[in-house]
Amino acid sequence: AMLNQTEVSEFILLGLTDIQGLQHFFFISFLLLYLTSLLGNGAIVTMVLSEHRLHTPMYFFLGNLSCLDIFFSTVTVPKMLTGFLFGHQLISFAECLAQLHFFHFLGSTETVLLATMAYDRCAAICNPLRYTLVMSPRTCLLLVVASWSTGFVHAMMHSVMTSQLSFCGHNHIHHYFCDIKPLLNLACSSTSLNMTLLNVVTTSIVLGSFTFIVLSYLYIACFVFQKVWSEEGRWKLFSTCASHLTVVALLYIPVLSNYTPPSLGSSPGRDVQVSLMYTAVTPALNPLIYTLRNREVIAALKKTLGRKL
């Protein structure tokens, strides 16, 4: 019976909503979020590159984070926007795989990079005298290369494994981009290995990075409470972590709820809503979180803008 079924060569992304009135509202909202993400993150990348004062490990990582956010939102949002304007989006199998690959490449790189940034905060606060030695330019470069490479290898594993599946029959994806779970639901061949990889590898990357971040902050907290006696001193140290912690919460809470094993029974509708958080909302908020709390960035931004105006 399997033989006479045709192979599916393209999919239809059903997107967020069928309600006509909502589509224009969503289009405008997500377009604004996307532009905010491009402008905000673009400004940070430009600033980190051009401003000599920001050539420190923390800003080197932040520049990478902003770069990731630009690419990450670009993988899914433009396609989603065209969906709002023109209804259901056709997407070829190759395009679908490319979207899946870059989504997981950039997403997992970001989770690992945030763990690297926690390590940087830890070194800066708990070992200030040896900080420049511990976080030498070479170490920073190695950590960033390791983050991007981990993400790339992880995504490669998923895209290769997904490309091996056969699809027949249904080709409607209940999502606004090609993510792994919605695709696995449509496969005709066995997906148990793919599911295992998603549950084991993806979960360990996300949970591993998250655990590392939590432990780093527990270490920082213990250090600060033991070594720093003044309230003011404690606040000052914690406030240097506040931006990073906020960004971590915004990314990890939705990601953990979508990619950790109990999520397998969750409804596709909820997965879609949660995905919106980290594909569209978080990349737009990250630059704001980092600039609003940060005098150095605000000063550098004024200087950069002053040069352009």
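Cβ atoms are placed via backbone N, Cα and C, with glycine included.
Keep in mind that what you see is a predicted model, and the values were worked out from it rather than measured.
Counting residues 6+ beyond its ends, the transmembrane segment (25-49) has Cβ neighbours under 8 Å at 16-17, 55, 59-60, 62-63, 66-67, 69-70, 73, 77-78, 80-81, 84-85, 280-281, 283-284, 286-288, 290-291, 297, 300-301, 304 in the same chain. The feature transmembrane segment is assigned by TrEMBL to 25-49 (among others).
Taken from TrEMBL, the feature domain 'G-protein coupled receptors family 1 profile' covers 40-290. Confidence across the domain 'G-protein coupled receptors family 1 profile' (40-290), taken as the mean pLDDT and rounded to a whole number, stands at 89.
Residues or ranges marked as transmembrane segment in TrEMBL: 61-81 (among others). With a threshold of 8 Å between CB atoms, the same-chain residues lying at least 6 positions outside the transmembrane segment (61-81) that come near it are 13, 15-16, 27, 30-31, 33-34, 37-38, 40-42, 44-45, 48-49, 89, 91, 99, 102-103, 106-107, 109-110, 113-114, 116-117, 120, 140, 143-144, 147, 176-177, 247, 275, 279-280, 282-284, 286-287, 290.
Under the heading transmembrane segment, TrEMBL lists 101-119 (among others). Sequence-remote contacts of a segment are chain residues at least 6 beyond its ends whose Cβ falls under 8 Å from one of its Cβ atoms, and for the transmembrane segment (101-119) they are 58, 61-62, 64-65, 68-69, 71-72, 75-76, 143-144, 146-148, 150-152, 154-156, 158-159, 177-180, 202, 205-206, 208-210, 212-213, 216-217, 244, 247-248, 251-252, 255, 278-279.
If you look up TrEMBL, you'll see 140-157 (among others) marked as transmembrane segment. Residues of the same chain lying 6 or more positions beyond the ends of the transmembrane segment (140-157) and with a Cβ under 8 Å from any Cβ of it are 57, 60-61, 64, 100-110, 112-113, 116, 119-120, 197, 201-202, 205.
Annotation comment: TrEMBL describes 200-225 (among others) as transmembrane segment. Counting same-chain residues at least six beyond the ends of the transmembrane segment (200-225), those with a Cβ under 8 angstroms from any Cβ of the stretch are 104, 108, 111-112, 114-115, 118-119, 121-122, 125-126, 150, 154, 157-158, 234, 237-238, 241, 245, 248, 252, 255-256, 259-261.
Long-range contacts of the transmembrane segment (237-255) within the same chain: residues 65, 107, 110-111, 114, 117-118, 121, 124-125, 206, 210, 213, 217, 220, 224, 228, 274-275, 277-278, 281-282, 285-286, 289-290, 293-294, each at least 6 residues beyond the stretch ends and with a Cβ under 8 Å from a Cβ of the stretch. According to TrEMBL, the feature transmembrane segment maps to 237-255 (among others).
When Cβ-Cβ distances below 8 Å are used as the criterion, the transmembrane segment (275-292) is approached by residues 16, 30, 33-34, 36-37, 40-41, 43-44, 62, 65-66, 69-70, 72-73, 75-77, 80, 103, 107, 175-177, 179, 243, 246-247, 250-251, 254-255, 258, 298, 301 of the same chain, each at least six residues removed from its ends. Feature annotation from TrEMBL assigns transmembrane segment to 275-292 (among others).
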